[in-house]
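Colleague: Before I ask anything, let me first share the structure, which is written out below as structure tokens.
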Amino acid sequence: MGCLGNSKTEDQRNEEKAQREANKKIEKQLQKDKQVYRATHRLLLLGAGESGKSTIVKQMRILHVNGFNGEGGEEDPQAARSNSDGEKATKVQDIKNNLKEAIETIVAAMSNLVPPVELANPENQFRVDYILSVMNVPNFDFPPEFYEHAKALWEDEGVRACYERSNEYQLIDCAQYFLDKIDVIKQADYVPSDQDLLRCRVLTSGIFETKFQVDKVNFHMFDVGGQRDERRKWIQCFNDVTAIIFVVASSSYNMVIREDNQTNRLQEALNLFKSIWNNRWLRTISVILFLNKQDLLAEKVLAGKSKIEDYFPEFARYTTPEDATPEPGEDPRVTRAKYFIRDEFLRISTASGDGRHYCYPHFTCAVDTENIRRVFNDCRDIIQRMHLRQYELL
């Protein structure tokens, strides 16, 4: 019996030893995971709808992952290239849908605007009728006549005049870009370029995480939907983020939001920024402000058709600050406009600033890869300092 007792004790000892070793392994892994987690910079992308958040994420993939492939983790270049081509093929449908939505929206708006817009060539009316007849066709297969009608209409001066008034209705930003490329997109062997994929508009619903590495530093970027009904989901992302990147469509000063067709888009962005800046859960998280769509802002300002002071009367009294640094060759009117918009946001951050978090503004053009590369490089030092502060190492 004694031997049996000893044998049982031996089994118990072995089991306890194995358990201790297992616990050690688990503890070691937990410590390792904790170190990786603490070493990761988590960036939360926020902003109103259609400000360019998803385009910023696409640029991170181009710059720091493997472009437009599935996961971005392939070490085999051939596999990465294969995945990239596969994803581009699936995006063709999204691009065609953007093209269809663009021409449909413009021709449908012609009769609804006040005053309405007439076709320059009345013989194109049958083309308008065709476009409107296929507006709600599910799984549309894009026959040759669609491209023929769309191209002829896009060349009609009346349709162009309606496009010029697109701030009076809801039109996707990429409309002109894809309508100008009808002859390319209609080809059976069409493969989208990176620029096509950057321009492609697909509504973001839910929360998407993109992981990438820059100089051996891990970044996790969270992109959430910008429309009002998506915002309640944001709180899930707020836990332990290093910084918020708040994206603004600077060119939206003369537009209204899709949700109610009344609220000014830039005012909506200012209101949202204020609510985030003053949120009690975010009082220690600094904000990197991307004043986006600078290319479209410059176009609008120089066209002179929609004046900022008609929407923001205080612009009439605004003077460009002395410390402004315009881009080479930039028109002074553009410089004044972009700094006015910047200062509207800084007014919010300085009014309620308590020294616990800061706002760092940058002028961006999300579809310009080199611009985003330069801006993100400028931001990395700021993000690093935020990260050190987050874990009280600074």
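Using N, Cα and C of the backbone, Cβ positions are placed for all residues, glycine too.
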Colleague: Kindly point out the range from 42-55, 112-125, 308-321 that Swiss-Prot annotates with region 'G1 motif'.
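Modeller: Per Swiss-Prot, the stretch marked region 'G1 motif' is 42-55.
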Colleague: Under 8 Å Cβ-Cβ from Ser352 (phosphoserine), six or more apart in the same chain: what's there?
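Modeller: Trp277, Asn278 - these are the non-local Cβ neighbours of Ser352 (phosphoserine), listed in sequence order.
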